[in-house]
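Input: a single structure, listed below in structure tokens.
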Amino acid sequence: MLYLVALLLHCLPLAMGQYDICKSWVTTDDGPSWEFYACQPKAMRMKDYVTVRVDPAGITCGDPPERFCTHENPYLCSDECDASNPDLAHPPKLMFDSEDEGLATYWQSVTWRRYPEPLLANITLSWNKSIELTDDIVITFEYGRPTIMMLEKSLDNGRTWHPYQYYADDCMEAFSMPARRVRDLSTTSANRVLCTEEYSRWAGSKKEKTVRFEVRDRFAIFAGPDLKNMDNLYTRLESAKGLKDFFTVTDLRMRLLRPALGGTYVQRENLYKYFYAVSNIEVTGRCKCNLHANLCTFKEGSLQCECEHNTTGQDCGKCKKNFRSRSWRAGSYLPLPNGSPNACAAAGSAFGNCECYGHSNRCSYIDFLNVVTCVSCKHNTRGQHCQHCRLGFYRNSSAELDDENVCIECNCNQIGSMHDRCNETGYCECKEGATGPKCDDCLPNYYWRQGCFPNVCDDELLLCQNGGTCYQNQRCVCPVGFKGVLCQQSRCEADKKDCDGAASVHGSLGTVLLGALALQLRGWVDL
Ligand SMILES: *[C@@H]1O[C@H](CO)[C@@H](O)[C@H](O)[C@H]1NC(C)=O
Ligand SMILES: *[C@@H]1O[C@H](CO)[C@@H](O)[C@H](O)[C@H]1NC(C)=O
Ligand SMILES: *[C@@H]1O[C@H](CO)[C@@H](O)[C@H](O)[C@H]1NC(C)=O
Ligand SMILES: *[C@@H]1O[C@H](CO)[C@@H](O)[C@H](O)[C@H]1NC(C)=O
Ligand SMILES: *[C@@H]1O[C@H](CO)[C@@H](O)[C@H](O)[C@H]1NC(C)=O
Ligand SMILES: [Ca+2]
């Protein structure tokens, strides 16, 4: 009986579709045990979990209330938008509600009354979670699709943005790009960002309402029409660099750049028929869990993977505490059909007792010492268990031993320090006169010039004499008639000619410049 259940469970992955379960209880010759597989959550309607932002402020219609017309009936402007009246308001949330039969609810912008100034609007969708798209993004426009728009995406919660697709009725004119179709892309260009004219031409506002980002057509390049050969797609996602990331987003942004015109030019006398109205944005995808979870739940306002394989984090992007004997790895779709779980392993489970704190994937047995030791410690660590920092690095006191940031570079000043090693708190060993944690400063009474040197002069004890001035603690600039390190020696003693009548001038003016001037003056007087 137990065996039957186990057999049934074992067959589940095939019965349920690919990568749906993370583990099953199987019976082998050695008795029953868990078997682990790569797994991913089901695709969901992502609009149910999104936060939306519409820019700029004041772009939503109805405040103050205004009339608008439609392209079908441009002179019958009976429609009204009024933000204070729930029946006539068109707030952003109406892009994400579920539509009742026949009656579309939609967000609407102000009209283009400021023409020829462009009518620009950004609609930004944020999930605070990485999402893998599994189907087309479909944006539905009531009253006509924009003649120019752009889709952008972010992979880092909105810190950086990248173009995803350009849309225009004339790609060359709007973006200086040739028009292309996703259907014409090949296996080597499946992740190309292109400009399409398919969704921007006027076809009557009621006929063609949708603008798509074609995920299925791109998948079909590998999986064939109807996506029958998903194995081939999964193999490609695993092996083609950047392909998986292409379909991954944390945020999307629609930049609406020019509304539907309903003809070839803008009619200045009736600007009330130009505006944007979006009734629905459909985004289908699954939580990115790095193939370590088959469930994704909405908790405290954010999506969160229910991590298996002893991983943790919002995307199962790291190993659980005490399961860090190897570095974390994402699960893999390969080998088909169940993939590799690449699970995190408990400390002490690999090679008897060799813990490497996640800095190495390999251990090796050293015969003559009879010890097992970690090989090729990463993250600037070293030692049998990768438990020390390499020379020139010191221990980050706020990081655990299994943290990637555990070792910090000493960064000793090359000139000021004896060598490039430092003590446990990051202090370098300084040469004479140098100071500071990195030895890039000088002690008092020293000056920096390719290293620290004792002051020649200063304002306290080593004063320049006879009106000399101290130049950057390095030397005294002496008035004419004096010399010596501190200008303490009169030139008269050495050269009698310099003395006559000069001493009084030098004494009172005292700078080199004036001294030189005085010399010239004296020559003139002598004549
Ligand atoms: C829309 O977003 C882009 C950046 O993606 C920004 O440069 C632009 O100013 C925004 N436009 C509006 C109207 O907020
Ligand atoms: C985003 O998700 C993280 C992790 O679940 C959470 O800690 C954070 O508060 C969320 N941020 C926002 C703005 O919701
Ligand atoms: C994760 O840890 C638990 C508890 O130690 C263990 O029973 C389980 O087999 C581990 N799972 C994997 C995939 O290694
Ligand atoms: C020390 O480790 C913490 C925790 O990982 C990290 O946030 C911090 O950046 C590290 N400090 C340095 C200087 O690398
Ligand atoms: C490292 O050196 C600095 C400066 O000499 C000293 O203050 C500090 O106590 C030293 N830290 C350790 C752990 O020895
Ligand atoms: Ca709606």
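Glycine is treated like the rest: Cβ placed from N, Cα and C.
What TrEMBL annotates here:
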- 35-286: domain 'Laminin N-terminal' (DOMAIN)
- CYS410-CYS422: disulfide bond (DISULFID)
- 410-454: domain 'Laminin EGF-like' (DOMAIN)
- CYS430-CYS439: disulfide bond (DISULFID)
- 453-488: domain 'EGF-like' (DOMAIN)
- CYS478-CYS487: disulfide bond (DISULFID)
Just the number: how many Å between the Cα atoms of CYS439 (disulfide bond) and CYS487 (disulfide bond)?
32
Conformational class of CYS422 (disulfide bond) under the three-state DSSP mapping:
strand
Looking only at C-alpha atoms, tell me how far CYS422 (disulfide bond) is from CYS430 (disulfide bond), rounded to the nearest Å.
10
The domain 'EGF-like' (453-488), counted residue by residue under DSSP: helix, strand, coil:
0 helix, 10 strand, 26 coil
Could you measure between CYS487 (disulfide bond) and CYS430 (disulfide bond) for me? Cα positions, answer in whole angstrom.
33
So how many other Cβ atoms are close to CYS430 (disulfide bond), meaning within 10 Å of its Cβ?
22
Work out the three-state DSSP category of CYS410 (disulfide bond).
coil
List the Cα distance (Å, whole number) between CYS410 (disulfide bond) and CYS430 (disulfide bond).
13
Can you tell which of the disulfide-bonded residues (CYS410, CYS422, CYS439, CYS478) has the fewest other C-beta atoms within 10 angstroms of its C-beta?
CYS410
Where does CYS439 (disulfide bond) sit in DSSP terms: helix, strand, or coil?
coil
Whole-number answer please: how many Å between the C-alpha atoms of CYS430 (disulfide bond) and CYS478 (disulfide bond)?
34
Packing count at CYS487 (disulfide bond) (other Cβ atoms within 10 Å of its Cβ):
24
